[in-house]
Amino acid sequence: DKKAEIDGLAAEYVGSVRNMLPEQRVEHLKKIQSAYSKCKEYSDDKVQLAMQTYEMVDKHIRRLDADLARFEADLKDKLEGSDLENAGSRSLKKGRSQKDKRGSRGRGRRASEEDTPKKKKLKGGSEFADTILSVHPSDVLDMPVDPNEPTYCLCHQVSYGEMIGCDNPDCPIEWFHFACVDLTTKPKGKWFCPRCVQEKKKKK
């Protein structure tokens, strides 16, 4: 709507500029300038909303990665437990088949011996599973950021939180985190990054 308004004001100005008094020209140009300023504000708001949306999606992706890691750890734990149980039952069956040949007395003694390593194996398996569960999710939470994601600011990190754009069109970095440039709120008017300010001072 603002762009359409600007186009209308500009067409009106071009059409009637010759018949306007100097004061009227200035007033009309101020209207166009004010409309452009409002349009820029809306554009900045859109950029901020887009960045906030991106951060929210990124946070949920990290949470999903952590949940996936926990699910995989639980699944691995169950598989380990079932493998150990099967191994224990196989060894128990093997022991029993040998004991059957030796008589009931030997069978009773051997059964208790076979139960002990089975319990130890299962205990070891649960310790192993606990180790996986404690390590896996934290590893995922500290996962490195996508290497293809562009970096910004003096800290060379990806976009997060509130950011501000340098008004120098030739700025090599363009976007900066508020904290890195000692800002808490968006400043009024044009803003230049520390690098561009130093470059301007050198040129002077």
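Cβ from N, Cα, C; glycine included.
Pulled from TrEMBL, these are the features on record:
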type	residues	note
BINDING	CYS153, CYS155, HIS177, CYS180	Zn(2+) 1 binding site
BINDING	CYS166, CYS171, CYS193, CYS196	Zn(2+) 2 binding site
DOMAIN	150-199	domain 'PHD-type'
REGION	85-124	region 'Disordered'
SITE	TYR152	site 'Histone H3K4me3 binding'
SITE	MET163	site 'Histone H3K4me3 binding'
SITE	ASP167	site 'Histone H3K4me3 binding'
SITE	TRP175	site 'Histone H3K4me3 binding'
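Ranking the recorded positions CYS153, CYS171, TRP175, CYS180, CYS193 by Cα distance from MET163 (site 'Histone H3K4me3 binding') puts TRP175 first. Mean pLDDT for the domain 'PHD-type' (150-199) in the predicted structure: 89. Inclusion criterion for the recorded positions TYR152, CYS155, HIS177: a C-alpha placed within 10 angstroms of the C-alpha of CYS193 (Zn(2+) 2 binding site); this criterion is met by none of them. Looking only at Cα atoms, HIS177 (Zn(2+) 1 binding site) sits nearest to TYR152 among the recorded positions TYR152, CYS166, ASP167, CYS171, CYS196. Sequence-distant contacts of TRP175 (site 'Histone H3K4me3 binding'), defined as residues of its own chain at least six apart whose C-beta falls under 8 angstroms from its C-beta, comprise TYR152, CYS153, SER159, MET163, ILE164, GLY165, CYS166. Between the alpha carbons (Cα) of CYS196 (Zn(2+) 2 binding site) and ASP167 (site 'Histone H3K4me3 binding') lies a span of roughly 9 Å. Counting in whole angstrom, CYS180 (Zn(2+) 1 binding site) lies 16 from CYS171 (Zn(2+) 2 binding site) by their C-alpha atoms.
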